[in-house]
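Take a look at the structure set out below.
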């Protein structure tokens, strides 16, 4: 795996929030990790809005996300990319995969699949259903896909046994995360993906899609999720409090500690820009805990 140097300006990272709610502390930890990993090597940091699911989108969330990032000093490079404006690109790839026989129409309902624990049993694989009103699934090989995560270490998954053929376009016509994220990362030239460990088990599916479409494989760094006492991650569905501009400095320092970084108590009096300037020069991804969760109660 290529190593990163302090002058690796070829680095392109990204943060890709979903506008289904406001940013919260867990979002901040993910954004900060990806921002620091890019800026520490003089790389670029892109912002992409993963707005492919309009029914889940919260009014005003897009603007609120942009404003919050700016107020916390997490400035991005270039224009914001909106996945809702990329449907033609997604459609072209779905058509190609379907026409090549690499994907097929699936009419299975959620109720039919409930007892299979998320592993698709292949009911429609050879049924030859028409595409209209059906989901589109990608055929997966009976192979193990593995990669070395920069924090979590070696990870592997047998796609056939542990996932099964997976959806790339839903029956309502909306495009699946797995397809959109792979196409957009390749289109934007992303070299490094820093995100939460809840997406660790998604990565082998993305590696397969990258291989199928002839894309380069980026480096991956999956950070521990901040979880509540009941084990659920901080998130919009659990009404985690939104980030407030007036708390930017203490929350940035807390996020740094969640990432295993040293913080100077004197920085409590600093501006967000000053905190980030120091953190950028002291960024040590190897200090991030090799675990998938960190209880919020453990953070100072």
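The backbone N, Cα and C atoms fix where each Cβ goes, glycine too.
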- request: Kindly point out the range from 233-237, 238-242, 243-247 that Swiss-Prot annotates with motif ''KMSKS' region'.
  value: 233-237
- request: For the motif ''HIGH' region' entry in Swiss-Prot, name the matching range from 6-16, 17-27.
  value: 17-27
- request: Check Swiss-Prot for me: it has 14, 15, 16, 17, 18, 177, 195 binding L-glutamate, so pick out which one of 50, 57, 142 it puts in that same site.
  value: 50
Task: Measuring Cα to Cα, tell me the gap between residue 18 (L-glutamate binding site) and residue 120 (Zn(2+) binding site) in whole angstrom.
output: 26
- prompt: If you measure every Cα to Cα distance among 14, 15, 16, 17, 18, 50, 177, 195, the residues said to bind L-glutamate, what is the biggest one in Å?
  reply: 16
Message: Can you tell me the CA-to-CA distance separating residue 120 (Zn(2+) binding site) and residue 177 (L-glutamate binding site), as a whole number of Å?
response: 17
- prompt: Within the motif ''HIGH' region' (17-27), how many residues are helix, strand or coil going by DSSP?
  reply: 3 helix, 0 strand, 8 coil
Query: Applying the rule Cβ within 8 Å of the centroid of the Cβ atoms of 14, 15, 16, 17, 18, 50, 177, 195, what extra residues of the same chain belong around the L-glutamate site?
result: 48, 49, 181
Task: Let me know how many other Cβ atoms fall within 10 Å of the Cβ of residue 177 (L-glutamate binding site).
output: 20
